[in-house]
Amino acid sequence: MDRLSPEQLNPSIYVGLRLSSLQAGAKEAHYLHSLKLSYQQSLLSNDNSDSEAKPSMGQLALYLLALRANCEFVGGRKGGRLVSQLKRFLEDEKGAIGHNHQGHPHTSYYQYGLGILALCVHQKRVHDSVVGKLLYAVEYEQHPQQDHFPVDTLAMAGLAFSCLELSNLNPNQRNRITVALGRVQEKILKAQTPEGHIGNVYSTPLALQLLMASLRRTVELGTACLKAKAALLASLQHKAFQNPLMISQLLPILNQKSYVDLISPDCLAPRVLLEPATETPSQTQVPELIHVTLKVSSIFPSYRHSVSVPVGSSLEDVLKKAQEHSRFRYGTQASLSGPYLTSVMGKKAGEREFWQLLRAPDTPLLQGIADYRPRDGEAIELRLVGW
């Protein structure tokens, strides 16, 4: 098999597959081998000149989850360095938040919670003060964008608390962890829509993982889980899930699992071998075109241009076409959930800014530029906003 490039590697995919009822045989083992080569070479290298290419805190945390999904505990000199690196990331974030909790993480509370969870499933204790920052944020509902956490961030914090409660790695914080976990679960339940989604369709898998991992079984919780599962199955029928990261969070749900199960994974459970997808050759035909209007009002002079692309094109295809045929320019940065905009028309997003994607007149898109498929006649606005 060919070696996979770093851009093709996403530890979340491996975690989701291992927690599912499916397996990919030799390809699965090859994928893990490629992950180990890529992450260990980049993380354990002493070459600091290429620090930008090193995995982020979230990527490192997911890599540790992938190792645990294969029933491996990090150990030895190399494993110790991985753990130390993740702990340093968390300490840096703790410092950014500040002793008075007036600051914000360099990354996000989502990645902060993910980092704690990854260390927890490996039975690696973090300092009470590190856990305390996440507890305080949940207790006082601090979040830079609004007065409360988004559902996916809340769910990730809850999964970290669930692991800490089960493992009892921070006994001095046990009471606060139990109370905070109850608070998170309550907020998750309140976020359920009449259709069954929790927050939105893409935050539902992680939120449902949290509810399924709960030790606090109630009739209300059981009903909410059934309703959310039904909504997810309906979304699957409508092919709502195309992004690999979102799919990887959904797969455990379909197998009654959550990331908390990585405390003690069952690597001997039988899983069904995936069959390779077969594509039937289609007859060559001229693709039908759609027309999409692209708008940028956060610059002067403002930009507005109509772009024609084939049906089924992504928003990223629209941006590329606009760049080819007009003065439009944009820049992106790779992430595990796909490319995201970092600059538009030469204007870069600042430290606490981002380029928001909206369907005119004012509807935020739930998907990124690689996943969203515009319809004919839509107008898409790129807007620089603060958070």
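Just so you know, glycine gets a Cβ as well, placed from its N, Cα and C.
With a 10 A radius on its CB, Leu357 (cyanocob(III)alamin binding site) counts 20 other CB atoms from all the protein chains. Annotation source TrEMBL lists cyanocob(III)alamin binding site at 107-111, Asp152, Asn200, Gln249, 340-341, 355-357, Leu365, Trp387.
Per TrEMBL, disulfide bond is recorded for Cys120-Cys163. Contacts of Cys163 (disulfide bond) defined by a Cβ separation under 8 A and a same-chain sequence distance of 6+ are given as Ile116, Leu117, Cys120, Val121, Tyr259, Val260, Ile263, in order along the sequence.
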Task: Cβ-Cβ neighbours of Asn200 (cyanocob(III)alamin binding site) (radius 10 Å) - done: 15
